[in-house]
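Peer 1: Pulled these features from Swiss-Prot for this protein:
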type	residues	note
DISULFID	Cys32-Cys53	disulfide bond
DISULFID	Cys49-Cys90	disulfide bond
DISULFID	Cys66-Cys95	disulfide bond
DISULFID	Cys85-Cys104	disulfide bond
CARBOHYD	Asn39	N-linked glycosylation site
CARBOHYD	Asn54	N-linked glycosylation site
CARBOHYD	Asn62	N-linked glycosylation site
SIGNAL	1-20	signal peptide
Amino acid sequence: MTFKACIAIITALCAMQVICEDDEDYGDLGGCPFLVAENKTGYPTIVACKQDCNGTTETAPNGTRCFSIGDEGLRRMTANLPYDCPLGQCSNGDCIPKETYEVCYRRNWRDKKN
């Protein structure tokens, strides 16, 4: 009986997810990836809260964690060297610094890791 109840709950949750999905609420899944820097543990954090994607502007949701260095700041960083990056939070397409810094890295995934 418990197994049947679990199956019923899982089925109901799946049905609710299908009913609630809406591309306008959750953003275009086919959009462009935001550029990221990583912290010491490899956690990726976006470096800009707004970007151009094939002629349209994409904006990260308010409250998203970000490093306020911008795409150009990331491009100027030397790969795999530590930098102190200002940690912030996205607000209306801008990364607002929170007066805290975190060590961050630009990774070059094309490099071979020995």
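Glycine too: its Cβ is placed from the backbone N, Cα and C atoms.
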Peer 1: Find, among the disulfide-bonded residues listed as Cys66, Cys90, Cys95, Cys104, the one whose Cβ has the highest number of other Cβ atoms within 10 Å in the structure shown.
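Peer 2: That would be Cys66, with the most Cβ atoms nearby.
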Peer 1: Which chain-mates of Asn39 (N-linked glycosylation site) that are at least 6 residues away have a CB under 8 A from its CB, listed by sequence?
Peer 2: Thr45, Glu102, Val103, Cys104, Tyr105
Peer 1: Cys95 (disulfide bond): which of the recorded positions Cys32, Cys49, Asn54, Cys85 is the nearest Cα neighbour?
Peer 2: Cys49
Peer 1: Which residues, sitting 6 or more apart from Asn62 (N-linked glycosylation site) on the same chain, put a CB under 8 Å from its CB?
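Peer 2: Long-range Cβ contacts: Gln89, Cys90, Ser91, Asn92.
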Peer 1: Cα distance, Cys32 (disulfide bond) to Cys66 (disulfide bond), nearest Å?
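Peer 2: Computed Cα spacing between Cys66 (disulfide bond) and Cys32 (disulfide bond) is 17 Å.
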Peer 1: Which one is it, among the recorded positions Cys32, Cys49, Cys53, Asn54, that lies nearest to Cys85 (disulfide bond) by Cα separation?
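Peer 2: Sorting the recorded positions by distance from Cys85 (disulfide bond), the top entry is Cys49.
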Peer 1: Helix, strand or coil for Asn54 (N-linked glycosylation site)? Use DSSP.
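Peer 2: The residue in question, Asn54 (N-linked glycosylation site), is coil (DSSP, three-state).
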Peer 1: Mind giving me a neighbour count for Cys32 (disulfide bond)? Other Cβ atoms within 10 Å of its Cβ, every protein chain shown.
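Peer 2: The answer is 12 other Cβ atoms.
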Peer 1: Return the residues near Cys49 (disulfide bond) by Cβ distance under 8 Å, restricted to its own chain and a separation of at least 6 in sequence.
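Peer 2: Residues satisfying the criterion: Thr59, Ala60, Thr64, Cys66, Cys90, Ser91, Gly93, Asp94, Cys95.
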Peer 1: Fill in the CA-CA distance, Cys32 (disulfide bond) to Asn54 (N-linked glycosylation site), as an integer in Å.
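Peer 2: Approximately 8 Å lies between the Cα of Cys32 (disulfide bond) and that of Asn54 (N-linked glycosylation site).
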Peer 1: Would you identify which of the disulfide-bonded residues Cys53, Cys85 has the most other C-beta atoms lying within 10 angstroms of its C-beta?
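Peer 2: The residue with the most neighbouring Cβ atoms within 10 Å is Cys85.
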Peer 1: Using DSSP with the three-state reduction, classify Cys32 (disulfide bond) as helix, strand or coil.
Peer 2: coil
